[in-house]
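K.L.:
Features from TrEMBL:
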BINDING   A:CYS291, A:CYS370, A:CYS387, A:CYS427  [4Fe-4S] cluster binding site
COMPBIAS  A:484-504  compositional bias 'Low complexity'
DOMAIN    A:283-454  domain 'DNA primase large subunit C-terminal'
REGION    A:459-506  region 'Disordered'
Amino acid sequence: MDIRTRVKSHKRKKVDGAEQYPHVLQFYSVPPTETISLQEFEEFAVERLKVLKACETAGIKHIRGTEAYNDLLHKEIRKTKLRNILKTSGKENLTEEDIYGRKLDHISHFILRLAYCRSEELRRWFLQQELDLFRYRFQNESIQGSEEFLILNNLDYTPIPSEEKEKISGELAYSISSGHVSTADFFKVYFTDALDLVKSRKVYLKGGYAYVVRDDLISILLSVYRAKLSKALSQTSRALPHLEEDDRLLPMLCGLSKRYLGQDYTNKKPSAGQITADMIEVLSKKSFPLCMQHLHQVLKREHHLKHGGRMQYGLFLKGIGMSLEEALKFWKTEFIKLIDGDKFDKQYAYNIRHNYGKEGKRADYTPYSCMKIIMSNAPGPGDSHGCPFRHTDAEMLKQKLRTNGLSKDAIEEVMTTTKRGHFQLACSKYFEYIHGGVTGDGDVPNFQHPNQYFEESQKRLNGDKGLSQSTPKTPKVVRRVPANSQTTPSQSKSQSTAQTQNSNFGELDDDFMMTEEEMGLLDQKVTN
Amino acid sequence: MSEKHNYDPASLPDLLPVYYKRLFPYGPYFRWLHYGGVPKTYFLNREFSFTLKDDVYIRYQSFVDQSDLEKEIQKHCPYKIDIGAVFSYKPKERKTIKASAFQAQEKELVFDIDMTDYDDVRKCCSGADICEKCWPLMKIACKIIHAALVDDFGFKHILWVYSGRRGVHCWVCDEEARKLSQTGRTAIAEYLSLVRGGENQTKKVSLDETLHPSIRRALNIIEGYFDKYSVKKQDFLDSPEQWDKVLALIPIEDVRKQINGLFDSLGTNSSTRLTILREQLNNAKEYKKMKMTMEEIMVQLCYPRLDVNVSKGVNHLLKSPFCVHPKTGRVCVPFDVSKVDSFNPFTVPTISQLLDEIDNCEITDTTKKVKDFKKTSLAASIEVFEKFLKNLEESWKGKLLEQSDMKMEF
């Protein structure tokens, strides 16, 4: 097959590179080898970043796959230099421009891989946007174009024969939203090829095989792409420290990745030790986001938290600057009201030290971001963790807001936002009401991280400059590179180089995978 | 149970050496975890961990063969043995290799169902306690999970084990299951989870009108138990405090109020109130909005609640079969899931009972050849285990042949 394709494309070959890019879509399996100038390097990266940013914005504003979503994405991508990726396949004769577009797509993807592989949070963001982009582009393809792509990537499945279909038509009817089983194409794949569909129970399973309807093939395709990309990102991040490089690329890459994401609240060494156990009670009332405040209250009331709660709350406390010693003291004080100290030391102290990278594989764990709290590890019976805007009954949430002193109108507004599925926005609105409305410059924070909430809150309460003056024990916000940095690479060079060396490569995880559900972003209709 | 079998946790250190010397079924146990030597390193690279007296915990134990395992277990007499993953190297030697090269590669797909997770829907006990009034929940759980594993996922080698106290464990041992990635395990665990939401969510289940075939099947299983369990065992509509919890799951307030009124005026006990509930839900004006409410109630009260974190990780440890639970003294015995209805956790032998049994046998029986465990009430459980093993062994016979063919050894 390999040979045949090559011969074929030789015959057709009119333009250099047609062979390298047989389809407008690709899984980006092979890194580019061209030489490009430093200027181009940055330019390509910035352009792709614009595209990914557009994916994010479209995903927040509209439900994916809707017309509004597609229109917005189309409009935004057209404005960038990557506009060629909007083209679909199916053209017989490729022009130089077509090939150039594909090359740009290829190179820019790989540059951002370098920039966004360095922490779980970054990888998560990059992966999500890239997958959304891929989905959008794939769905624009004609049936023929998409089939060609499947064949090129050895993913050509054949539909099951109609006799087989008839036998289980009752069960198959479940997987199609409209139309009739007899007119739909079903593909039989081993269930491990369709894990997203299995996970969300969108597919009929029998004897280990999933019966996937044609419309859902994209899901299989995306999981293949996700698995590839996720693995590649892990590998890249491990290779990055060994990159022999003369201080020109890395600083720029760091700057790039900071552009659209806040900091990840790892390695906040300078602030460690400034928050003590006895300060928490007061701080929890003033500056904790609702999720952490809730965990704190449960801990006080029950003298216990289940594992999910201990992780979410414990890492948050670490993130605001509580040292290991203080953390042990803090948890022990509560837990020993129920169990004896000896049991605490044996059962729980290990985990706390583990969180601080003092046990096991000695990874320094990152505080959970809002995305992680909302999307992964939803609370089960007996659990208290999660996001109050996502995982709490409306009535109970209202009550909580009332207790915290929100006015009726304010509660109404927060609740409406919550009902629409904008959980982080609801949290930001809550923040505004708690902190006495929008500040002069109209800067409404859009929270991505509970620790960001805490720092914003401290900033508001203590004044911008006076973080460490008014409350000496509050951690200093150490931004290694300013978020939304507008500095050029050369300007921020010294600063960000230092950061790269500090960066934490220990927490990288081969199993880092995002699921369809997690990709579903907050704006998707969240049932349940 | 006769008086003399009463188990006293303080005596455990004296009983364990005899148990591990004479009763622990090393032979079948090794045959299981050796998996016929396909591949050869499977047993060698398997992690075991021991919990000793006073919660001293030693991880990353590994053994070269059955006699090594036997020797080490008898030397330490662990209070608890956990089985972990098969790693890329011998866990014992992990310190001699680079940390990044030491990776968990395979493990059985496991499920842990624990009665503690049902505390909000059982009124008889809470926490670690169980009784015959809540035990039906475990029967339902076993049946639903087992049916899904067999019918939906096509697994064949499934071992069910009573955990010794308040729940059950399930070990899926098919090759495909052992090779599953974390994502694969997570997907299966999620597929099997219907009851979601923590302390802050009252209504933990919402079902679509078109039920997924697997949920339909689960509901059929629940229906077989529901009336008897909820009315006779739990008496779940006995008092206003009880029924308030159930009525809270009805989405429309007017209907809720109306049923509440009828419960008070017409209802005499849980049975009549259940009839009222069903009738009212069926006949309500707002029926369209509540088509699935009765089903949702049944699922919330009875559907299995998995500890998904146990299932997700390749690296997660789970208590081994044939351990003795230190608090109850009961042995973690495998049981036949097709006979789960007649399985009674309160007749599972305790370690003291078993030791009494061999002592008694010795007086009457002088034939030495019989294995000790066969003389005790452990025999039935070991038979279940042997049956499971026999099927499992069939599965690798073909594999071994294939391997030797490849090496041209005839």
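Heads up, the Cβ atoms here are built off N, Cα and C, so glycines get one too.
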K.L.:
What three-state secondary structure does DSSP assign to A:CYS427 ([4Fe-4S] cluster binding site)?
P.N.:
helix
K.L.:
Check each residue in the chain of A:CYS370 ([4Fe-4S] cluster binding site) that is at least six apart in sequence and keep those whose C-beta is under 8 Å from its C-beta; list them in sequence order.
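P.N.:
Set apart from A:CYS370 ([4Fe-4S] cluster binding site) by at least 6 residues yet with Cβ under 8 Å, we have A:CYS387, A:PHE423, A:GLN424, A:CYS427, A:PHE447, A:GLN448, A:HIS449, A:PRO450.
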K.L.:
Are there any residues at least 6 positions away along the chain from A:CYS291 ([4Fe-4S] cluster binding site) with a Cβ closer than 8 Å to its Cβ? List them or say none.
P.N.:
A:GLN312, A:ILE373, A:HIS385, A:GLY386, A:CYS387, A:PRO388, A:PRO450
K.L.:
Within 10 Å of the Cβ of A:CYS427 ([4Fe-4S] cluster binding site), how many other Cβ atoms can be counted across all chains shown?
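P.N.:
Looking across every protein chain shown, the total is 27.
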K.L.:
For A:CYS387 ([4Fe-4S] cluster binding site), just give me the three-state DSSP call.
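P.N.:
A:CYS387 ([4Fe-4S] cluster binding site) sits in coil per DSSP, no helix or strand.
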K.L.:
Where does the mean pLDDT land for the domain 'DNA primase large subunit C-terminal' (A:283-454)?
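P.N.:
A mean pLDDT of 87 is what the predicted model shows over the domain 'DNA primase large subunit C-terminal' (A:283-454).
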